[in-house]
């Protein structure tokens, strides 16, 4: 283990998010709108994706640099064939203490048991409404919320620790906050509401569509008796609250109204093998895939990863204003390449 590395703003590296595919079986407007990601959209060919062997090699070196947590993302990660094999290999890396996955949940019954047997224990399921019609309008694939709720119940039944992520958009699904808090409170499943972010280039974001953390909290407090919960660790992105009657928790992620750049410890590996220091990056990522395919040693890879982190100075959300979003000259990476 080398000495702990820090970026230009003094932030250590502790988390690595690995996007295993740019494909998804949903077409949510805030991520992959169907008007752009239509039937003729060309996704990455297989040889442009990192292999599992390459992902494991990169993760091993990152573990030597201080990474403790891995998160598998997409696109929709369950579309990557034989994903359980990757989980099993990542689970053997010294120093990795936690592996999670973010998914839309549609294929959990198909793949969940193999993933659990491979060592995956934590899943975040993206579910933006509990009402079938609202959810179908969001995913644009006629998938009912009840279908995903059934998949969540299955995942819990075989032992997974499940959290639910909800991106809230004003006038689209903000009426889902109270019924979803109520539903998952009774299930004692943690739900996290996320402020609508300007990820990618095609989701039509502006401030008028954001429901802030304080607005969400006011809604929830008017219906439930709750109290705040202290953060569990440095860099925790959600502000947590618990119900006083049964202790069930929910979180609010202030990605717009109160940024958490100063405690961000995440490196991101895109589905095409590039390093990014921020979800909102407008700078082309360093191509780790090409670098390792050129025949470099692990020592050379380690030095490159150290350099990439040492020069990191991303703080996009700290600097975001409506004007900077409108005047942005360079495109950001789309979320299907980098995960949420």
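Backbone N, Cα and C atoms are what each Cβ position is placed from, and that goes for glycine too.
Taken from Swiss-Prot as is:
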type	residues	note
BINDING	17, 71, 102, 163, 266, 267, 268	GTP binding site
BINDING	24, 28, 31	[4Fe-4S] cluster 1 binding site
BINDING	30, 75, 126, 197	S-adenosyl-L-methionine binding site
DOMAIN	8-227	domain 'Radical SAM core'
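Sequence features annotated in Swiss-Prot and their locations in the structure.
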| residue | record | Cβ within 10 Å |
| --- | --- | --- |
| 17 | GTP binding site | 21 |
| 24 | [4Fe-4S] cluster 1 binding site | 23 |
| 30 | S-adenosyl-L-methionine binding site | 21 |
| 31 | [4Fe-4S] cluster 1 binding site | 22 |
| 71 | GTP binding site | 21 |
| 102 | GTP binding site | 22 |
| 126 | S-adenosyl-L-methionine binding site | 20 |
| 163 | GTP binding site | 21 |
| 197 | S-adenosyl-L-methionine binding site | 21 |
| 267 | GTP binding site | 24 |
Proximal residue to residue 197 (S-adenosyl-L-methionine binding site) among binding-site residues 24, 31, 268 (C-alpha distance):
31
Using C-alpha positions only, work out which of the binding-site residues 17, 31, 102, 267 is nearest to residue 126 (S-adenosyl-L-methionine binding site).
102
Near residue 267 (GTP binding site), meaning Cα within 10 Å, which of 24, 28, 30, 31, 75 (binding-site residues)?
none
Pairwise C-alpha maximum, in angstrom, for the residues (17, 71, 102, 163, 266, 267, 268) that bind GTP according to the record:
22
What count of other C-beta atoms do you get within 10 angstroms of the C-beta of residue 75 (S-adenosyl-L-methionine binding site), across all chains shown?
27
Residue 71 (GTP binding site): which of the binding-site residues 24, 28, 30 is the nearest Cα neighbour?
24
Applying a 10 Å Cβ distance cut-off over all chains shown, what neighbour count does residue 266 (GTP binding site) have?
19
Nearest to residue 30 (S-adenosyl-L-methionine binding site) in three-dimensional space, by Cα, is which of the binding-site residues 17, 102, 163, 266, 268?
102
Across the listed S-adenosyl-L-methionine-binding residues, 30, 75, 126, 197, what is the farthest Cα to Cα distance, given in whole Å?
17
Looking at Cβ-Cβ distances, which residues of the chain lie under 8 angstroms from residue 28 ([4Fe-4S] cluster 1 binding site) while being 6 or more apart from it?
128, 138, 139, 140
When you measure from the Cβ of residue 268 (GTP binding site), which residues in the chain that are at least 6 apart have a Cβ under 8 Å away?
16, 17, 19, 275, 276, 277, 278, 279, 338, 339
